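Colleague: The active site, proton acceptor annotation in TrEMBL covers ASP244. Annotated ATP binding site per TrEMBL: GLY86, GLY88, ARG89, LYS109, ASP121, GLY122, ARG172, ARG179, ASP254, in sequence order. Under the heading Mg(2+) binding site, TrEMBL lists ASN245, ASP254.
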Amino acid sequence: MTIAIPFDNSYARLPGGFHSVQAPTPVQAPRLVAFNADLAQLLGITPGEVGEMAQVFAGNALPQGAEPLAQLYSGHQFGNYNPQLGDGRAILLGEVVGSDGIRRDIQLKGAGRTPYSRGGDGRAWLGPVLREYVVSEAMAALGIPTTRALAAVETGEAVRREQVLPGAVLTRVAQSHLRVGTFQVFAARGEIGHLKRLTDYAIARHYPDADGPMGLLTAVRDAQARLIARWMGVGFIHGVMNTDNSSIAGETIDYGPCAFMDTYHPDTVYSSIDRYGRYAYSNQPDIAVWNLAQLATALIQQAEDKKAAVEEATGIVHAMPGLLEREWLRVFAAKIGIERPVEGDKALVTDLLVRMARGQADFTNTFRALGAPKARDQFADPTAYDSWAQGWRQRLACEAAPEAVMRGRNPAFIPRNHRVEQMIAAAVSGDYAPFHRLNSVLARPYEDQPDHIDLTRPPAENEVVQATFCGT
Ligand code: AMP
Ligand code: MG
């Protein structure tokens, strides 16, 4: 059987200034290490033989209908504007419309140099590829908007970082790879024709009901507010919320030094490059507003009446903190069993979080155990939980089915950092069993799965991951 991908490309139809035509650079000895058959089915892809799929997902063979290109974008990295970024190691093969009617990009990450590679080698090593595979699929199973992983291939080539490491390519699937930075690059260059074209494209592709640039801004704001609230609800720290990693479709994108918190603390930072904690857990809502302001600034450039556009955009951006807070409360209220939060519920949630931080409670396990004796054991001083739970129980008396609400919102399983690191170390030495195990358990994060209870445990002292690193 031959692999068939029903490409229907739209980005390739945009003018040349949007991208560079760029084929992947072949690799020596591709070996398919993962293929996501369920996702392939959603995308209407007919799988081929393993050897053939290795060739295709390594970029050695272009499937029928692919029109490979690298996308142009720019962005603010840690607050500083970088006038040109672009796909330096990613190549878009094309798009497919899934059985759900949604158009998605199929992109090879780590497929070789492009005109945007700057000093980079265009490659990825196995660790970040498997990390993104596991974490993005876990995110999808948690029900949080995200890019997906279709395949992972080992290239049979070495990649030089601080060490020599095995190379790999990830096939990433996204509702699109449009970022805030895609708008910024045209705005900053004064390429208003392209900016208008991009705005129309984004509206048609993602928010067909949006009315013009300000309608788009509003839609992105709402999608981002929902997304970031959902991250907060599972203790997810993205780690590099640069504007080039901020998706217009409102998906989690670019899994680099990201991490799920074990012990709860609002200031938690894992990323080795985030020295000042710009992207710390609790800063994420503020950063999302900051990023939206950059999108607003870019979109405004196309307005005829700039003054009016600035005023309107300012109103849209200024409404985001309130929106984020409402979304946050909705998420956290559900985590404690409350379907429709009312006055006072915010204080109840905040009180729990303050006690969790003080008590060094495990974020995931505390919420999962709420109401059970195991919850109090998460706290250094269990009476801190007991006194909170008293007020909480009184509040729950007015709720119809708190247990059911909580169960679907408090996962038992998250991709814990130490497990991800152990999985990578095993894969590098040729053992893919932990990778497959993580994928299969994390596909059902809200089920107890008693056989895999070890994966719910926080790291032992010698297993704690102190820092995470970029995917480069
Ligand atoms: P990221 O940190 O993955 O969001 O990447 C930031 C920018 O660096 C993007 O323009 C990437 O394409 C580029 N980049 C990252 N790694 C590499 C690499 N190994 N080779 C070339 N470009 C890269
Ligand atoms: Mg990026």
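The backbone N, Cα and C atoms fix where each Cβ goes, glycine too.
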Colleague: For a quick check of understanding: given the listed ATP-binding residues GLY86, GLY88, ARG89, LYS109, ASP121, GLY122, ARG172, ARG179, ASP254, what is the maximum Cα-Cα distance in angstrom, as an integer?
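Modeller: Looking at GLY86, GLY88, ARG89, LYS109, ASP121, GLY122, ARG172, ARG179, ASP254 as a set, their Cα atoms extend up to 23 Å apart.
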Colleague: Other than its own, how many Cβ atoms are within 10 Å of the Cβ belonging to ASP121 (ATP binding site)?
Modeller: 17
Colleague: By Cβ count within 10 Å, point out the most packed of the binding-site residues listed: ARG89, ARG172.
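Modeller: The most densely surrounded of these binding-site residues is ARG172.
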Colleague: Any of the binding-site residues GLY86, ARG89, ASP121, ARG172 with a C-beta atom under 6 A from ligand 2? Give them in order, or none.
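Modeller: Within range of ligand 2: none.
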Colleague: Among ASP121, ARG172, ASN245, ASP254, the binding-site residues in the record, which have a C-beta under 6 A from ligand 1?
Modeller: ASP121, ASN245, ASP254
Colleague: So for ASP254 (ATP binding site), how many other CB atoms are inside 10 Å of its CB?
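Modeller: A count of 25.
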Colleague: What whole-number Å value do you get for the CA-CA distance of GLY86 (ATP binding site) and ASP244 (active site, proton acceptor)?
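Modeller: Per the Cα atoms, GLY86 (ATP binding site) and ASP244 (active site, proton acceptor) stand 9 Å apart.
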Colleague: Rounded to the nearest Å, what's the C-alpha distance separating ARG89 (ATP binding site) and ASN245 (Mg(2+) binding site)? Just drop the number here, would you?
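Modeller: Just about 14 Å between their Cα atoms.
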Colleague: So which binding-site residues out of ASP121, ARG172, ASP254 end up within 10 angstroms of ASN245 (Mg(2+) binding site), measuring C-alpha to C-alpha?
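Modeller: Of ASP121, ARG172, ASP254, within range: ASP254.
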Colleague: For ASP244 (active site, proton acceptor), write down the residues of its own chain that are at least 6 apart in sequence and whose Cβ falls under 8 Å from its Cβ; none is a fine answer.
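Modeller: Sequence-distant Cβ neighbours: TYR73, SER74, GLY75, HIS76, GLN77, ASN82, LEU85, ARG179, VAL180, GLY181.
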Colleague: Using all protein chains in view, find how many other C-beta atoms are within 10 Å of the C-beta of GLY86 (ATP binding site).
Modeller: 22
Colleague: Indicate whether ASN245 (Mg(2+) binding site) is helix, strand or coil by DSSP.
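Modeller: In three-state terms, ASN245 (Mg(2+) binding site) counts as helix.
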